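Just dropping this structure here.
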Ligand code: ADE
């Protein structure tokens, strides 16, 4: 998988993804990251990439020329025409399902906007997906692009090691993750749940699954209607609701 990021703040993206698990995977070349500075495609002697909005109003708008030329240059290195994702609060809200779908692509291009936005004509021409990371406004598309690359890349085989494996984590089966504990066995007077010390794997599995159901019901009940629930799960939830 190769991620291309078109941005005015390349260091922010490269340095952010160079840390932790994504950094380790980049070092091992499990996926590739090509961060491109849109400013390098300015034809202006002062390297400007923005201008005043037609019709007036606050802020500046990114001009179509540098964005398009940057995109065209990236395309030269691509086998097929990749999907182009524009980060905007006007987009579809990003989710685990979208991350899974995008993780199957060979290449993805992320376009990070700044100022009051990007000239709509170039967006119309090159963007295939408008995505948001939530109903709030950020100063630019860099953090959303990093969020998406982080969550997509951890689904690529080899990015997580066995211990980090995504298998039992939140959202994988539409439920939140069960609570985790480590040493010490007693902390501030609170003991680790007995079952986790028992070594009885089947009981531990059952307890964890029930905790996932309980957590989801308590914290994100909206997820339960979409989760894959067995008859036994439904019975357990009925019991919870009654108690
Ligand atoms: N750009 C600014 N705010 C954003 C958001 N919430 N999601 C994606 N891109 C953005």
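Keep in mind that glycine also has a Cβ here, set from the backbone N, Cα and C atoms.
Nobody curates TrEMBL annotations by hand; they come from automatic prediction.
Residues or ranges marked as domain 'tRNA methyltransferase TRMD/TRM10-type' by TrEMBL: 1-225. Marked as S-adenosyl-L-methionine binding site by TrEMBL: 113, 133, 134, 135, 136, 137, 138.
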Measuring Cα to Cα across 113, 133, 134, 135, 136, 137, 138, which the record gives as the S-adenosyl-L-methionine binders, how far apart are the two most distant ones in Å?
17
The domain 'tRNA methyltransferase TRMD/TRM10-type' (1-225): mean pLDDT?
95
Going by a 10 angstroms cut-off between Cβ atoms, which of the binding-site residues 113, 134 has the sparsest surroundings?
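Minimum Cβ neighbour count within 10 Å, taken over the binding-site residues 113, 134, occurs at 134.
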Using a Cβ cut-off of under 6 Å to any atom of ligand 1, determine which of the binding-site residues 133, 135, 138 qualify.
133, 138
In the structure shown, which of the binding-site residues 133, 137, 138 has the fewest other Cβ atoms within 10 Å?
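Among the binding-site residues 133, 137, 138, the sparsest Cβ neighbourhood within 10 Å belongs to 137.
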Return the residues near residue 135 (S-adenosyl-L-methionine binding site), defined as same-chain residues 6+ apart in sequence whose C-beta is under 8 angstroms from its C-beta, sorted by sequence, else 'none'.
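Non-local contacts for residue 135 (S-adenosyl-L-methionine binding site): 89, 93.
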